[in-house]
Amino acid sequence: MAKQEYKQLPKRAEVHSATEQFKDTIKTSLGLDLFKGLGLTIKEFFSPSVTIHYPMEQLPLSPRYRAVHHLQRLLDSGSERCIGCGLCEKICTSNCIRIITHKGEDNRKKIDSYTINLGRCIYCGLCAEVCPELAIVMGNRFENASTQRSQYGSKSEFLTNEQDAKNCSHAEFLGFGAVSPNYNERMQATPLDYVQEPSKEESKEETPTNPESNKGDENV
């Protein structure tokens with residue numbers, strides 16, 4: 001291993017007299033480093049601002065931003081989209097979703113309780129991806145501070161207002177977990193049950209290569 005050579009700096013001369021102390025103060029205060037720092041400060045002072053006055057001003061968020069969950073209702077009818085299948089509870093990696101259901105008179109699951117522990121949630125979005133009815137989606141509300149713990153995870157905080165859904169005062173959700181824009185042509189039963197689009201090779205095989213030969217066959 002190579003031997004390291006250390007360079008010893010000369011010791012600073014001790015200042016005793018008042019004149020020497022005054023000279024040392026002037027040299028330290030009015031040195032070149034001080035003017036460099038002041039020049040940088042003045043330059044940044046007159047440069048355009050890159051910050052905003054939060055919370056009076058807020059930057060726009062991406063529609064696929066993953067923040068506090070949002071439970072949706074069906075438009076026009078106002079009924080809850082959730083069917084109580086429990087897929088979101090099963091796929092949750094942080095075990096923060098809890099659903100309690102019972103079977104109703106029509107042999108359909110009825111939801112007794114639906115809670116999300118926001119203190120454990122990691123906002124991965126798996127619950128929104130696996131939901132077959134687009135009942136739970138990831139919203140853009142990231143300001144969820146509260147003084148009471150009971151307000152974290154109650155269903156009423158996540159669920160869409162019934163009157164807003166009936167009046168169609170908001171558009172269909174297009175953020176994280178939403179279906180593709182052409183879902184009307186591809187959807188069969190549920191939002192995640194799509195018709196597979198034909199590949200390029202299959203479309204080429206279906207397209208006739210020589211239309212004139214086909215016409216001759218039809219005439220025969």
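For all residues, glycine too, the Cβ spot is worked out from N, Cα and C.
For the [4Fe-4S] cluster 2 site that Swiss-Prot gives as Cys121, Cys124, Cys127, the extra residue drawn from Cys85, Cys92 is Cys92. Listed binding-site residues: Cys85, Cys88, Cys121, Cys127, Cys131. The one with the lowest count of other Cβ atoms within 10 Å of its Cβ is Cys85. Cβ atoms within 8 Å of the centroid of the Cβ atoms of Cys92, Cys121, Cys124, Cys127 (the [4Fe-4S] cluster 2 site) belong to the same-chain residues Cys88, Ile91, Thr93, Ser94, Cys96, Ile97, Ile122, Tyr123, Gly125, Leu126, site residues excluded. Cys88 ([4Fe-4S] cluster 1 binding site) sits 12 Å from Cys124 ([4Fe-4S] cluster 2 binding site), taking the CA atoms of both as reference points. In this structure, of the binding-site residues Cys82, Cys92, Cys124, the smallest number of CB atoms within 10 A of the CB marks Cys124. For Cys92 ([4Fe-4S] cluster 2 binding site), the nearest neighbour among the binding-site residues Cys82, Cys85, Cys131, judged by Cα separation, is Cys131. If you measure from the Cα atom of Cys85 ([4Fe-4S] cluster 1 binding site) to that of Cys127 ([4Fe-4S] cluster 2 binding site), you get 12 Å.
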